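Peer 1: This is the feature table in Swiss-Prot:
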type	residues	note
BINDING	68, 69, 118, 148, 151, 277, 278	carbamoyl phosphate binding site
BINDING	96, 181, 236	L-aspartate binding site
C-alpha cells in the first residue's frame, strides 16, 4: 500500500521521482547513499565521466536563486554524460505569463528526460511529477519551505562518511528551522536511518510548533541543545522568507545562537559541523568554526555531486 500511495515510486516500489525524503523506505535511502559511494571515485579520476545518461536530456529549472545546488546538479548530469540545459527563468516565457505546466509541456516536446526543479511554491515538483509522461522523471531541488531531498541525502552521506553508524548518533540542527526545507529533509532522513536522537535548536520564533510531533527534541538554548552532540548542523537566517520581525537583529542572534569555538566545545570532541550554505559568517556561525578542523562543509559540497549523480542515474533507470 505504501508504494501505491507514494508518487515517487512505481508499482514495483522503484524510485521514479525524488520529491521528498518523507515516506521513502529506508532501503531506497540506503541504496542512494551506496550508489553515491561508487560515484565519489569517479570524481577522483582523470576523466570524470561515466556513460550512464548518454543520450538523455536534463533540464534544470531554477525558479529561485542557487549556486551550489544548480551547479552541482549540472556537474552531476554532465559527469553522467547527459545533455544539460539550464532554463533562464528571467528571460523565459514563464516571465511573460506562461504557466508552469505549459512550460513543462513545451520542454517535454523537446524530448526532456529529467526535470530538476527548484521553486518557491511548496508542492510544485509534485505537480510536475503528476503531469509528465511516464518516461520523464522529476527531481526536487527545493520547494518553498517544504523539502530539499538531495540536500538531506548529501547531509546523510556526509554524516555516514565521518561517523559510519547512525544508531548511536545525537544530531543537533541549529538555527532558522521554521523557514528551512533542509531541516525537514534532514529530520526525515535521520529518523529513517535510525539516528539515536535528533534535536532542533533555535529561538521560539524560528522553531515550528510541530517539531515534537516529528520525534525530535526541541531546545531554545544553544549550549543545552548542542551538549554532547556528535553532529551540529547550522542553518542560515532566511530573511527573504521572513514576513515580520522574528528577531531583534543579526548581532543579537549571533550572541545567543551563533556557533563559536567556545560553544562548540560543549559538543563531543570529535563532533563534526555542517552547513547547507550559503554561510553567513558572524551570524549563525563564527569564521573560526567554518575554517576550523571540525567543519566538513566543503566535503558536503563535493559529496553533493556524487549524491545527485546517484539520484539521477537511479530514477532514469526506472519506468513509471
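Cβ coordinates come from backbone N, Cα and C, glycine included.
Mind mapping these onto the model and telling me what they sit next to?
Peer 2: For the recorded site, residue 151 (carbamoyl phosphate binding site), the DSSP three-state label reads helix.
For the recorded site, residue 236 (L-aspartate binding site), the DSSP three-state label reads coil. Summarising the environment of residue 236 (L-aspartate binding site), the number of other Cβ atoms within 10 Å of its Cβ, over all protein chains shown, is 19.
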Peer 1: List nothing but the largest Cα to Cα distance in Å, as a whole number, among the residues 68, 69, 118, 148, 151, 277, 278 that the record says bind carbamoyl phosphate.
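Peer 2: Farthest Cα pair among residues binding carbamoyl phosphate: 16 Å.
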Peer 1: Between the binding-site residues 68, 96, 148, 181, where is the Cβ count within 10 Å the lowest?
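Peer 2: Candidates: the binding-site residues 68, 96, 148, 181. Fewest Cβ atoms within 10 Å: 96.
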Peer 1: Return the residues near residue 151 (carbamoyl phosphate binding site), defined as same-chain residues 6+ apart in sequence whose C-beta is under 8 angstroms from its C-beta, sorted by sequence, else 'none'.
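Peer 2: Expected: 69, 142, 181, 182, 185, 186, 276, 304.
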Peer 1: I'd like the Cβ neighbour count for residue 277 (carbamoyl phosphate binding site), meaning other Cβ atoms within 10 Å of its Cβ, all protein chains included.
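Peer 2: Excluding its own Cβ, the number within 10 Å is 18.
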